[in-house]
Amino acid sequence: MMQTLLRGLCVVVLFWGYIKASADFDCRRTSQTCVTGTCDDVSGSCVCPTDAGGSPSHTNKDCGLELAKVASPATLCDPPCLNGGQCFEPTADTYMCMCSEAFYGSQCENPRKQVECSGDQITINYMPIPTFSGDIFILDNRNTPECAFTEANGMYTATFTYQQCGVITTNDQPNVGDTSYQTSAAVRFNANIERGTDMKLTAECVIDGSGQSNLNNNIGTVSVDQRSNLTEETALTQYQPVSFQLQGKNGNPMPVPVNLGDELRIYIPLADTGKYTKLKITDLTTNNGMAAPDMVTETLIFNGCLTDIGEALVTGDISSDPAIPAIIINFMAFRLRGSPQVKFEAKVKVCEAADTSCEPGSCPTPAPPAPVQPTPSENPGRKRRAASDNEVILHETLTVLDPRSNEKLRLPHNKSDKKSQQNADPQQCLQSTEIMVMVIVLIVAVVLLLVITTCLAVKFMKQRAAQVKIYNSDMPTGNNTVRIPHSAF
């Protein structure tokens, strides 16, 4: 009976951080696109097309519902559509519900996010919008088997006890006698890439003093690890007519720290304008800075054109500044699976005035082959590909933090890159909170020891100074000599 009373539903609280559009739909994600119209790269919302008169011709979050097919009256759908769903007529005399992005089902009766609470465990259910091909996991427990999500018919489910998977237990919250249990899951819409458009689902179960599960929709705070951004290197071929710069939006200084979703840009200016007058980026790849088999690589630009992944990550098209000249690639900060580091490799071609090979080509080109994972003997962070006389290979590294997670910033351990570890900035080694606390404790201990030692020394000196020499009153003084007679034998 008590188990039955304890069962209830808890509200999933969403932290969408940089997500300006709906948390469930964002056309900037690789698995969510606009059916018609265009995607606004800033808001993540679809801009639906209009008819000849300037009126919208489509509606719904993905602009997938033609207004001409919306049923009128809405009661033609029987049973009626729920939760803001719209009744429409896909074919003659056939009526269906088009759901909003947060619900699904024939009547839009099911929320995509749902949490079940019982007396000893929590179950998180999430039904992504179809074509989802990403990854869902409990924060800080991505590789913990008992915390893993399983998928069945599009539904992702994870069940674990309140003592597992980092569940935070708070007593006497929200009221005296209550117990609150809270945990968070990350929804990555691309299994290899972490972006500001990803979601953080926070579920909270509240068991009150009477043993009933209560709904809770309070949104907590998100702590940000305020560590400095670590831009490491610019590695060029022998001749350096161009450079690779990571900048903030509109060429502003990089934000500190760099968080997922921050607006950044790659700026590649032509430094040698005496010999060359034009440049073109032919390839741009990125990896997570780790050694095989943990290395993840993605190609953003191939043969001068954006790939599908590049289209999702790059804001707008590849642009240029002919006055410099320079290549400009705007993007929102992201990172790849397994590491906060994002290492870029750009292949840039430079041309003289009469050379036409730097002129923009027609896109798209065929998709690039799948990236080849390096063998352990290779050094992916330092490898240089062959380049022709008028090609330059540039490298740059960025560290991106996730403000929605309490993770600690750890650089990936790459055994083959010992030199970079030896040359690490000593100041970065002190940026760990635990190390700083230990240093402070040691300093305080040393100061206390010095104070105690000083006090003991002063006390000892005073005691010696206060000693008084006691003389016998019968003992002669001055220069008199005391003679002791010898015994007669």
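A Cβ is built for glycine as well, from the same backbone N, Cα and C atoms used for every other residue.
Checking Cys63, Cys87 against Swiss-Prot, the residue bonded to Cys77 by a disulphide is Cys87. Of the listed residues Cys81, Cys117, Cys81 is the one Swiss-Prot pairs with Cys97, by disulfide bond. Checking Cys99, Cys147 against Swiss-Prot, the residue bonded to Cys108 by a disulphide is Cys99. Proximity of Cys99 (disulfide bond) to non-local residues of its own chain (separation of 6 or more, Cβ distance below 8 Å) is seen for Cys81, Asn83, Gly84, Gly85, Gly105, Cys108, given in sequence order. On the backbone, the CA of Cys87 (disulfide bond) and the CA of Cys97 (disulfide bond) stand 5 Å apart. Spacing of Cys77 (disulfide bond) relative to Cys97 (disulfide bond) is 7 Å (Cα to Cα, whole number).
All chains included, 20 other C-beta atoms sit within 10 angstroms of the C-beta of Cys108 (disulfide bond).
Around Cys97 (disulfide bond), the same-chain residues at least 6 positions away in sequence with a Cβ under 8 Å from its Cβ are Cys77, Cys81, Leu82, Gly85, Gln86, Cys87, Phe88, Ser106, Gln107, Cys108.
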